[in-house]
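Below you'll find the structure, written out as structure tokens, and then a few comments.
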Ligand code: GLN
């Protein structure tokens, strides 16, 4: 093979498919081969759907040769986080409690992916029910970071990020409740975008915290993220929180940004999301990226969002409260696992207790307990009620900041990828990974993480761009401008600097 198909970005691959240089069957097979070659070490996939993917690919190839009008990403393979339900394909949300469950329907975003002719390679690993920042809370083993196999790929969507970073898939779907698309993007050198809340249908996502959850693209370029966002986004009557309006023109905004002119754009640096607690190399790359934006004509100003300091605390009350309610449906009666009590009478309640006791991992139990407590009659006002007030204050901070700046920026995560086990016994240290990403979820605004270099430890770092609700086009414009400029200095994509995965030398 002259060019390695798996190294192409999704839009490059789409161009090769359109001009007939490559067929979708070839492209899909190349990615399946890559998965077979490296996933034994990475464990990015929980399920690989080779047969279905090749059948879709063959169908798209036939339609293309028949002269059918096809969408811009037709024939480009994709991986899907295992929290999104897929008809006929196992869906576990990273939990033992859903082991063996085969959904009878497709999520809206999966329907759209299928209708657009993207072969689905499989389902990706994740922290159980999307709770975590390292994918170490998966019931199906760790996913490894392709940059260093002893390190975490971020979480909860570590599987999607690792798959894209390791060239197992050009595109993937993630979900972001507090940062689970953006933080894995930052630590694996990939692009991760969380759309405006309501911009992509949540119908068919296994809910963690319904007022915070949002699905979005995981890719290797900003343009690819915009294209995938356009494909999965837009109004869905089956999700009552879906915005009944057309999306802004996202891919056009990315193309405009890549042309490199940010004249007149005001970039607000959020004072509370930098400085203390951020790794030196993370802060250094952040400062350099601000210079890059200035060189492109942007005006960089500092803004203050004083209540962001309390965002993490509010999140860790609201999220578990909603999760404790959403996870009540896993009762051993309706889905997946059912465990009989080991002794004593078999009542519905005791089966439920045995099932949940066996089926849920420690982090899920911790959050269900925390959420139930925060919602209990005696403590509701003190905890859940106060957290909701803080949420309003965070939203007001955003509104005030967006009066002063068109986009807000920060490092995506305070550190680069850490080693397995480093934060596993310290939930608070784990939660701090999301300190910069959580405010966006509380306010429903969109955000993207764009790779902006390597820290002193040689590991990738991400630059976060936040835009006002329904102005997702802005983050793609700025992200593409930054990416184009940085890639010029690197002489190509950052991922080209990642070490080759030498699969033969490694054992799982
Ligand atoms: N890491 C955060 C948490 O554990 C965010 C998770 C997510 O976005 N799904 O809650």
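Backbone N, Cα and C define each Cβ position, glycine as well.
Any TrEMBL annotation is an automated prediction that lacks curation.
Database features, via TrEMBL:
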ACT_SITE  81  active site, charge relay system
ACT_SITE  156  active site, charge relay system
ACT_SITE  180  active site, acyl-ester intermediate
DOMAIN    26-474  domain 'Amidase'
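With respect to ligand 1, the active-site residues 81, 156, 180 contribute 156, 180 as residues with a C-beta closer than 6 angstroms to one of its atoms, given in sequence order.
Counted within 10 Å of its Cβ, the other Cβ atoms near the residue listed as 'active site, acyl-ester intermediate' come to 36, all protein chains included. Ranking the active-site residues 81, 156 by how many Cβ atoms sit within 10 Å of each one's Cβ puts 156 at the top.
Rounded to a whole number, the C-alpha distance linking residue 81 (active site, charge relay system) with residue 156 (active site, charge relay system) is 10 angstrom.
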